[in-house]
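Asker: First the structure, which I've put down as structure tokens, then a few questions once you've had a look.
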């Protein structure tokens, strides 16, 4: 039987900080800043950030990459007794990957009103009809996870404005 | 603007046959037999089958692998103007990957009452709230896609019975 890992507030803060650091790495690479970490026995077994543009892979979201890295590190597709920390509410694909990998608990940062599939649009991780259910802790340092995204898209909009202005000069 | 590819009945039969052949390859490798093909301009750009056990990857479903292979072949995370053929109704993860990759149309074989996310449990590909919608053609040679799965699980059950019998002798 899979255990649901529990954490102190300090541990939750720490692991989310590592995920936030991953998100910042994504921003530095011009990727939408989202980061994820997978923890087992209080150790980080995988960390990843969004790589969609660099790899031109539709699937290269932080959570999916972290799950694959954890599968690799633990040599098992089953991620029982682990916890996933991610800076943004997972999308449909990542929620499905979390279920498929049997991750028992997820801590996430900012809500995603447009695409979030664990709370906002759907509550896929808590569907009684599926063969696996996940405990979800929403809005963990969500302001910080959300601020990274707002800054990123703000910079893109400002850049576009500058480009438009220089074209009209 | 992305085009939705259209096919003759003979083309649909052919591409689903290739997906069924991929599913048979999976069965031969001891994997749950599911196969997928992605087509662009009437050409196959990617084909894949379930590899979860061999790779010990929770994400190694046929559709997800086919999407990643097509991203690689076309050097783009956007799979506009493509079609995906798969022998079983996609799960939540794969439905999400189809949306994330902007695949415009999906033909699938057997319904999956326990985990299907495009018709059975959810209709994720047709959600008006999301930034991409997918045309879904269900039950294309579904009897054949379903029979492969039934045979596979039937053999596993028979093997278990034999093992149990030999243990009690």
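Residue 1 is the first one shown; counting continues down the chain.
The backbone N, Cα and C atoms fix where each Cβ goes, and this holds for glycine too.
Checked TrEMBL, it gives:
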type: ACT_SITE; residues: B:63; note: active site, proton donor
type: BINDING; residues: B:61, B:91, B:94; note: Zn(2+) binding site
type: DOMAIN; residues: B:10-137; note: domain 'CMP/dCMP-type deaminase'
Asker: Output the one of B:91, B:94 that, of all these binding-site residues, has the highest number of other Cβ atoms within 10 Å of its Cβ.
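Answerer: Result for the most crowded candidate: B:94.
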Asker: Can you tell which of B:61, B:63 has the least company, meaning the fewest other C-beta atoms within 10 angstroms of its C-beta, among these recorded positions?
Answerer: B:61
Asker: Over the span of the domain 'CMP/dCMP-type deaminase' (B:10-137), count residues by DSSP class, listing helix, strand and coil in order.
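Answerer: Counting residues per DSSP class in the domain 'CMP/dCMP-type deaminase' (B:10-137), I get 48 helix, 29 strand, 51 coil.
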